[in-house]
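Annotated active site, proton donor per Swiss-Prot: Asp69, in sequence order, evidence recorded as similarity to another entry. Taken from Swiss-Prot, the feature active site, phosphocysteine intermediate covers Cys101, and the record attributes it to sequence analysis. Feature annotation from Swiss-Prot assigns phosphate binding site to Val102, Ala103, Gly104, Leu105, Gly106, Arg107; the stated evidence is similarity to another entry. Annotation source Swiss-Prot lists substrate binding site at Arg107, citing similarity to another entry. Annotated disulfide bond per Swiss-Prot: Cys46-Cys101, in sequence order. Under the heading S-farnesyl cysteine, Swiss-Prot lists Cys164, citing experimental evidence as support. The cysteine methyl ester annotation in Swiss-Prot covers Cys164 and rests on a curator's inference.
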Amino acid sequence: MNRPAPVEISYENMRFLITHNPTNATLNKFTEELKKYGVTTLVRVCDATYDKAPVEKEGIHVLDWPFDDGAPPPNQIVDDWLNLLKTKFREEPGCCVAVHCVAGLGRAPVLVALALIECGMKYEDAVQFIRQKRRGAFNSKQLLYLEKYRPKMRLRFRDTNGHCCVQ
């Protein structure tokens, strides 16, 4: 199956890598790709299809937060995701958080869009921003979820330059 290449989404002080899931056969290449982008945490939002031990051996923490394909994330995963980002980007400025689902077109982009929205971006702008790099991202159910999502501005803190930053 031909999968889209990983894409980096950078906004203000946040860096994300959206990617598809590897197999045990492609795990070495996948791990090298993560290291190239400086990934320290990988969030897996689909069922496990590979052994995470080799990834963790390379110093990349793997979190398993699966939710249904095509569906919006449950509230608990949204809370966990935003809390993770708040901590990561404060403690490791410049780090990159990777997130993957099966194809990297639905669940993973939704979580990145939520982070952008929580930082003050309008949902339409967040969708367009991600789709510029990840064509085909989001299905209609996910778009409706993002449209109705009401941010609590959990990632919106201003630094002295007026930039969104995580504190």
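Cβ atoms here come from the backbone N, Cα and C positions, even for glycine.
Long-range C-beta contacts of Arg107 (phosphate binding site), restricted to its own chain and to partners at least six residues apart, with a cutoff below 8 Å, comprise Val45, Cys46, Phe67, Asp69, Ala71, Pro73, Cys101.
For Gly106 (phosphate binding site), applying a Cβ distance below 8 Å and a minimum sequence separation of six or more within one chain yields Asp69, Gly70, Ala137, Phe138, Asn139, Gln142. Cβ-based neighbour count (10 Å, all protein chains) for Cys101 (active site, phosphocysteine intermediate) stands at 25.
Between the recorded positions Cys46, Asp69, Cys46 has the most other Cβ atoms inside 10 Å of its own Cβ, all protein chains included. Taken residue by residue with DSSP, Gly106 (phosphate binding site) is part of neither helix nor strand, so it is coil.
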